[in-house]
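Worksheet: one structure, shown below.
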Amino acid sequence: MLYVGPLSQQMAIHILLMNALAPLLALAVNRRFGDRLPLPKLYPAVIAQLLVLWAWHAPPMLHTGTQSHILHSIMLASFLTCALWFWLAILSIKDDYRWRAILALLITSKLFCLLGVLLVFAPRALYPDLLIAHPPGAMHKMDDALADQQLAGLFMLVACPATYVLAGIVIAARWFFDLDADDTSDRQVPSLAVREARHVG
């Protein structure tokens, strides 16, 4: 049975920041400033986002981050900052280099989903310390902790294809469309030149 507890609530917040708010902010910033922004480096952005994701979701780190309002704010700010950097880097890639964006999205989605798989299929609760901080009586059994952990993992497994994979598909589709448009334009230029030559002759 699925159980909405502290871990799944935290995971929902993390997903909203990294997979919803960050890409929307990146789209708005990219649309507003466009080429006037310095181009973010893609690979450092990928590494930073994955390091922040996995580091903060290590059981001791997550427990520590939820025990202090300051640390919790730092944790959420680091999620949003690194995710915004990542999405700005993705959106800055143009033309024939878009395969890099697709590769970065695929790598990120794999490791994002891997964390979700670990949470869903772990045989025991990985975050028992969260039980201590939870209000008494609301979550008092380890079975509840495991169900909460599984729900958090399911959140990640749903968010993964809904963001990273979908973004990769959209970028690939636009890339192929642009390539087809360029190919059509290249074929039209010689035919136009032939017609003009015939007209002159």
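Every residue gets a Cβ built from N, Cα and C, even glycine.
Copied over from TrEMBL, here are the features:
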{"type": "TRANSMEM", "residues": "12-30", "note": "transmembrane segment"}
{"type": "TRANSMEM", "residues": "42-58", "note": "transmembrane segment"}
{"type": "TRANSMEM", "residues": "70-90", "note": "transmembrane segment"}
{"type": "TRANSMEM", "residues": "102-122", "note": "transmembrane segment"}
{"type": "TRANSMEM", "residues": "151-177", "note": "transmembrane segment"}
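Long-range Cβ contacts of the transmembrane segment (70-90) within its own chain (Cβ-Cβ under 8 Å, at least 6 residues beyond either end) map to 13-14, 17-19, 21-23, 25-27, 29-30, 37, 39-42, 45-46, 48-49, 52-53, 56, 64, 101, 104-105, 108, 167, 171. Of the candidate ranges 12-30, 42-58, 151-177, 151-177 has the most C-beta pairs within less than 8 angstroms of the transmembrane segment (102-122).
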